[in-house]
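Shown next, in structure tokens, is the structure this report addresses.
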Amino acid sequence: MDSPSLEKDGFLLTTLDGLFGRAQSGSLWYLSFGLACCAVEMMHAAAARYDMDRFGWIPRATPRQADLMIVAGTLTNKMAPAMRKVYDQMSEPRYVLSMGSCANGGGYYHYSYAVVRGCDRIVPVDVYVPGCPPTAEALLYGLMQLQAKIRRDDTASRRELLDRSPNRQPN
């Protein structure tokens, strides 16, 4: 049988990578790395009005159970090694969402000697959510953009990028 006749009969034709991407994007377990005032907006998004749980986004207390880290707030030079350690403890595939001007590029404290000018200097970031602080709706939109990115992302190409990463430790 050809694929158009199967689709007419109610069958869905997809690849295994597409199926896994769809399942994974619908069940993001996130670790909140709240460093400043943006973390308050992150709490608003998880509360009853917006209810992130209905999208399948479940908070985790340990990085070993999480596949998404939401970095919210000002990242200082002293906190950067701890954030990298937490990121390294997350299982593959892992994603990072940078929330707010301070996490994106240093924000108000950009010229301070103690601030990292963007968390993307420490960990690879998949989605940036702008604002100071960004609203809960902006965070939800950013998470939906990450879901769409996971659905269309080719897992094989992502693995190849990880293998070519300069920070990659040899096995």
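Cβ atoms here come from the backbone N, Cα and C positions, even for glycine.
Swiss-Prot has this to say about the protein:
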type	residues	note
BINDING	CYS37, CYS38, CYS102, CYS132	[4Fe-4S] cluster binding site
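In this structure, CYS38 ([4Fe-4S] cluster binding site) is part of a helix by DSSP. According to DSSP, CYS132 ([4Fe-4S] cluster binding site) is assigned to coil rather than to any helix or strand. On its own chain, CYS102 ([4Fe-4S] cluster binding site) has LEU35, ALA36, CYS38, GLY73, THR74, LEU75, TYR108, TYR109, VAL115, CYS132 as residues at least 6 apart in sequence with a Cβ closer than 8 Å to its own Cβ.
Neighbour counts of Cβ atoms within 10 Å were compared for the binding-site residues CYS37, CYS38, CYS132, and the top value is held by CYS38. CYS102 ([4Fe-4S] cluster binding site) falls within a helix when secondary structure is assigned with DSSP. Excluding CYS37, CYS38, CYS102, CYS132, which define the [4Fe-4S] cluster site, the same chain contributes ALA36, ALA72, GLY73, THR74, MET99, GLY100, SER101, ALA103, GLY107, TYR108, GLY131, PRO133, PRO134 within 8 Å (Cβ to the Cβ centroid), listed in sequence order.
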